[in-house]
Each structure stands twice: as structure tokens, then as C-alpha cells.
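Undergrad: According to TrEMBL, the protein carries these features:
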| type | residues | note |
| --- | --- | --- |
| BINDING | Glu368, Lys407, Thr474, Thr475, Gly476, Lys477, Thr478, Thr479 | ATP binding site |
| DOMAIN | 363-457 | domain 'Clp1 N-terminal' |
| DOMAIN | 471-678 | domain 'Clp1 P-loop' |
Amino acid sequence: MSPALTNFKTIPMLWLDSALLTSPSRSAGTLCDSDGQVFVKPCTQAEIDFYELTKSKYPDFADLMPLHIGNLVLSGPGEMDIGDIGAGLQTDPEQVLATIQEQVANAARECQTEDTITWVPSQGKKIQTNMSVVLENQTNGFKRPNVLDVKLGTRLYADDAPKQKQERFQQISKETTHHNLGFRIAGMRVFRGSQDPSELDDREYKNYDKDYGRFTVNDDNVVNELKRFIFNEAAGIDEDLGKAVCATFARELGTIIDVMSDHNIRMYSSSLLFVYEGDGEALKDAIRLNTEYAKRSTGPPATKRIDSGIGLDDEDQALEQLPPPVLKLKLIDFAHATWTPGSGPDENTIKGTVHSSTRIIVLKPSWEWRFEVPAGRKITVKALSGTAEKDGVELALRNAYSFSAIKSKILTWHGCELEVDGRTDDEFVAEYASPAANPANAHVNLHARLNEMRTAAVYERREGPRVLIAGPPTTGKTTLVRTLASYATRQGFEPIVVNADPKEGMLSLPGTLSASVFATVMDPEAVDGWGTTPTSGPSTVPVKLPLVYYYGRNLPDDDPEFYRELTSKIAGTVSGRLSEDEAVRSSGVIVDSMGVSEKSKIGEDLVAHIVDELSINIIVVLGSNRMTAELSKRFSTERTSLGEPIQIVGLDRSEGVVERDEGFLEYSREQAIKEYFFGDARRALSPQIQQTDFDALVIYKASDYSAYEKATLSRDEPSSVMQHWTLAVMHASPKDPPEVNNTYLGDE
């Protein structure tokens, strides 16, 4: 790159009206080249320094900014204003980008602007400076770019701002959405944004100036005003297209939040620049072409920039024509931005980006909102109106529910309005023409049938239905079990739920088998989706007291004999509870079985063992016609221990069920273990305390600690010496005496 230019007129550029190509709120004096590839913005030396330092030291943050091509400077301060240059310049468009890159980067830093002691509002006029930054024009490549400038922050002035400026900006913040929401619409341009032709310019754009965001937009109407930017039938952008644009902007915004949260910076009066294709047909074409490009491409090199529509490979030896851009989102305006090592993230600016990720989702009857939240990220959901449920648990109106590391859905049967704060990895609304069209309707019908059987069992004083949910892996078995259990408790029943899948624990650690009576509502925010135990501390949701056996393996196939032994023990305890507790007896049992591959003989044998031990009389098979047929054939002539026939019910796999890769499952298991031992962020840890009579304790100890694995356990009588001891509860061996091997309520 050459030194600073001595004469600005040597640059072969044709300057155009920047209002056609740039942000709708840009100040006077901003310019573009004839091809619209670059954007020249008058600035101060401080802003130039920020661009150059960011590019050299903070590449992750630089990716959030428009590409910085170089700088421009006049031969001497006061010679002429950049915004006054117009005629007499060369106009060859092919020389534009190359000439700028060769001649104008790293402009002289010796030209400093004068300190201004008395601050006077600029009123949008061009700033008095002889310097400019040359940036990639964010609207380049679009046919009809829609542009939105959102100014960020509650506080809009830097520490060194004159007092008059501070007072003026404080007043602006107080009177606009800056105060409560942390952002304001600074300007907007929408293609065919009005039905009234008189409101459109000669390019069919409706322009919203800075006064629109200051005097028209307020806290109450800001969501509807933002919708004007995207949802535009007149331009061919229907609701589906608009939702796709919103979802993509939300993901891009989440990336900006993540990067900003990792950097120590302070920015005042910076903005987010939203740009997307405003012509509906061109937008559809851009989406299609980008999708096709992604399918046939293994992915561009890490250093390739594709947001401009042209990609340069790592060696810069060839140009590859890329599909037209769909949208772009960048941070802009860094006149008052400073790197501040050790100061932490810029909460003032982040507040605006977080608030702008809050959205309202309207669901019609029988619709579902499906969402995925990765590890390390959190969203908050509120039901504002109507009724909504997650896995059968009804969400309380205007109560905030937090979710992290989850793939789930929220369902409404009567319609609802949700407020969602935070970003997801993926989300969409599943729309159904009627309740009967939603696969969850089959779950409601199943619950209704089970409810009839429970009601009959109450009158006849007998056992209620014993249901086992079976099927291949990833068919939604656990979700169905939770839903059925929740529906039952909402009807006043108290079913026993048995977790026979060691891969995921229920009210316990992964690698365990457990059973618990569910007489109260479940906790939709719980790590495992079931609720809390006494080890987790005080909770607004009543805790559960599970019976737990430690299996210590991932799959039942890993040690089928031991698995059979443990399920038999659980069955014995469950049978005892059913015989002793009338309310539980009529409510019955719901079993969440392990995932069984369709051709797994040992898997079906283990399912048959559970059916036999727990006297299962209804088997529900999810997502496998083959398994439904195999189990129907196997149990067609068999009866339970109570003499009942065994019914086989096949249900389709819900289209909302998603794959959970091993990494996701591993993280979920780790979180369940941490929550079990250390509590979670929602409550203080309160270790489980079980009061018992000291004299009634039965205590065993190893007779020879040097040969612990081979030593037998001997009984020791409680004494005062043992007070304040910590006693370890170990897994009992089948060879131990019956009293050692006996079951008990609690964690084993």
C-alpha cells in the first residue's frame, strides 16, 4: 500500500448519491463508487485507529464489522470537504476497487482534527474532517436491498463527551425506546413499503428518517413497526418468507452477542445494520441459489469472504462467482468505540442486542413451536395468553421458564401467545389444519383411554393400567412417558413411573434404573425434564423420592443378566407399593423402556422380561411397524399375572422428534450429574437429609480393609463412637446377606 494521498482527485471514482445505496440514517458526505462496491464514510482519526487495531488484533470482532478496505485523506486540512467532491473525476468502474486498495490504505495519521470545546449538534450534516474510511458497501449484490439502522445502547455518549452533548443524549434516551429497550430505530428503507404511491420515492422505496424512531416508535408499538421492515406482501414477501428472514437474522444476532460477550470494549452510539433482499422473487431466487451452492460445495476456505457475493480463495488467484446474498447483519459506527482490556463486555450495547432478540410467537390451536437450544446458551419463554404445555405440563401465564441444552417443543390445543427471549440454534412453528392432524392428538386419545381405565379401577378397587412405552431409539418414548404422567397427575391420579433406560436417569444419575410415584406436577425446567429430588434443595415444585438402583452401564445389552436382576427388584418394590397404596394402585404404572433396534433379539427379550415382571397389560410401540408386528405375535396368547390379555398399540413417530448426537447426550448426562450433586443455578444446594432412629440403624463394615474386595461384611452395632461419622452407602453384592441386599427408598 502507498503512503497517504497528496491529492484526492487522483482516485478514479464517480461519486453517487449515497442515499440510494447506504444506510437510511447515514450523515451527509458519505459516498459510494459507481459500481456500489465500496462505501466512503467521513470519520475522525480515532475511528480509523479503531478499524485498524480491530483488524490486526481482534479478527473475530472484525468479522462483525464491514470489511475495511483502507483510508482516504486530503492533502491538507481545510482544503476541501470530502462531501463537496463531485465532478471532474475519472469514471472507469473497473479501476475502482483495485486503485483504492493500492493507494489509500493506511492514510497518514499526522492529520489530526481539532478539539472542539463547545459542542454544537450536527443535525445530520457532514462532519468537518479531511479523513474517511473506505468500507465494503453492505448493500452491494442485492437487487432491492431493504435497510434498517438500529442504534444500540441506553447510554449514547462517551465519557469524554461535552456536558451539553451528554445532557442532550440523556434526553433522547429518556424519550425513546433506548431507555427501556436499549435500542432505537435510527432509519429504515423498505422496497414498496407503502400502498400509497405518493409515499414512495422514484425507486419505489419508502424512507423512514431518524425522526420516525424518535417520535413515532415507542415501547408499545416497536414490534409492529419492526414488522414493517420484513413482512411486506406488496413486495412479494409473505409470512413464510418473512419468518425465514427473521429466524436467520436471529441466528446472526446471536453470533454478534456471543462475540461481543467475549471482548472487552466500550461503544457508544454504534448501530446494527440489517440488510436483506427486499424483492420477494429475488429473495426466493437468492435462497434457492444459496441452498444449491451449499449442497454442491464442501464449504469455502476459512479465509474466504462470501457475504459480498464474490469469493476470493486463500491464494487470491481466482475469482469464484457466488450466489447473490440473502441478508447481512453488521455492527457499524465506531466514532466512539474503544478497546478497554480488563473492563469486561460492553453491557450497555449488549442490552440492545439482547432486547432485540425478544420476540412474540403466536400459535393457533393445535400448533407447536419447536426449538433447539445448544449447551451454554439459555432462552426464556413466557406464555402471555391462552394455554400452552411442554411435555404435558401446562405453563403458567406470564411465568418465565428458562431452557438450556434442550431440543423440545411447546404445544397449544386452544391457541396461545409466547414471548421468547434469547436465541435458539433452530426453531420453527409446526402448523396443523386441525387437532386431528397433529400426531400429539394420538397421545391425548391414549391418555383418555388410560384415564377411563383408571376411573374404572377406582370403582372396582383393582389395579389400573400398566403401560410400557417401547420402540427404536430416537422415537420420542421418554417425551410420551412424561406427557402421559403429567396428564395423569393433572387428573388427580398418582401413577408410578419406571425408568428402565439407563442411558438417561430419571430423578437420578445416568446409568441408573429408578421408579417414583408422581402425585404432583413435574418441573419443565428440570435438567432431566422430570423434577427435583431432596438433594437439589428447596423448590417451588414438590420434590420426588425415587427408588434408585445403580446399573453403571450405558445399554441393557452390556450386561443383560444384571439388568434383568435389577428390573426384577424394581418390579418387586412396585408390586408392594401397588398392593399397599390404594390411590397408586388404581393409577397404575408407566414404564419408559430402553431403545430397541428393530432386529435386536436380546432387546425384545429384555422388553418381554419387563412385561412379565411388572404385569404390563398395554404395550405402546412408537415409530416401528415391524416391532409392533413382532410384539403382537409374541404376546398374542400370553396373559399377565392377573389374567389380563396384553394389548399392543402402534403409534407413529412424531415428526417433531429430532436426533440427539452423542456430544449432546454426553453434555446432558454431565449436567444431570452436576445438578444431582451440586444443585443448579435456580436454587441453593440442600443435601438430602433422611431422619432415622440411630438405635435402629443396621450398619455393616468390612472385616479386613487390606483385602476389601474379598473381605466379607460383618454387622456392627451402633454406638456413641459412631456419632458424627460419614457412612458410605455402597452397592450390595448378590452374595451378601438378604438384609444387606434388601431394597430401600432413596438413592443406592
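In case you wondered, yes, glycine gets a Cβ from its N, Cα and C as well.
All annotation found in TrEMBL is predicted automatically rather than curated by experts.
Please go over these features one by one and say how buried each is and what sits next to it.
TA: The Cβ neighbour count for Glu368 (ATP binding site), using a 10 Å radius and every protein chain shown, is 22.
When pLDDT values are averaged over the domain 'Clp1 N-terminal' (363-457), the model yields 92.
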Undergrad: Hey, which of the binding-site residues Thr474, Thr479 is the loneliest by Cβ count within 10 Å?
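TA: Result for the binding-site residues Thr474, Thr479: minimum number of other Cβ atoms within 10 Å at Thr474.
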Undergrad: Let me check the 10 A CB neighbour count of Thr478 (ATP binding site). How many other CB atoms are there?
TA: 21
Undergrad: Taking the Cβ of Thr475 (ATP binding site) as centre, how many other Cβ atoms lie within 10 Å?
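TA: A count of 22.
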Undergrad: Which has the fewest other Cβ atoms within 10 Å: Lys407, Lys477, the binding-site residues listed?
TA: Lys407
Undergrad: Considering each pair of residues in Glu368, Lys407, Thr474, Thr475, Gly476, Lys477, Thr478, Thr479, all listed as binding ATP, report the largest CA to CA distance in Å, no decimals.
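TA: Output for ATP binders Glu368, Lys407, Thr474, Thr475, Gly476, Lys477, Thr478, Thr479: max Cα distance 19 Å.
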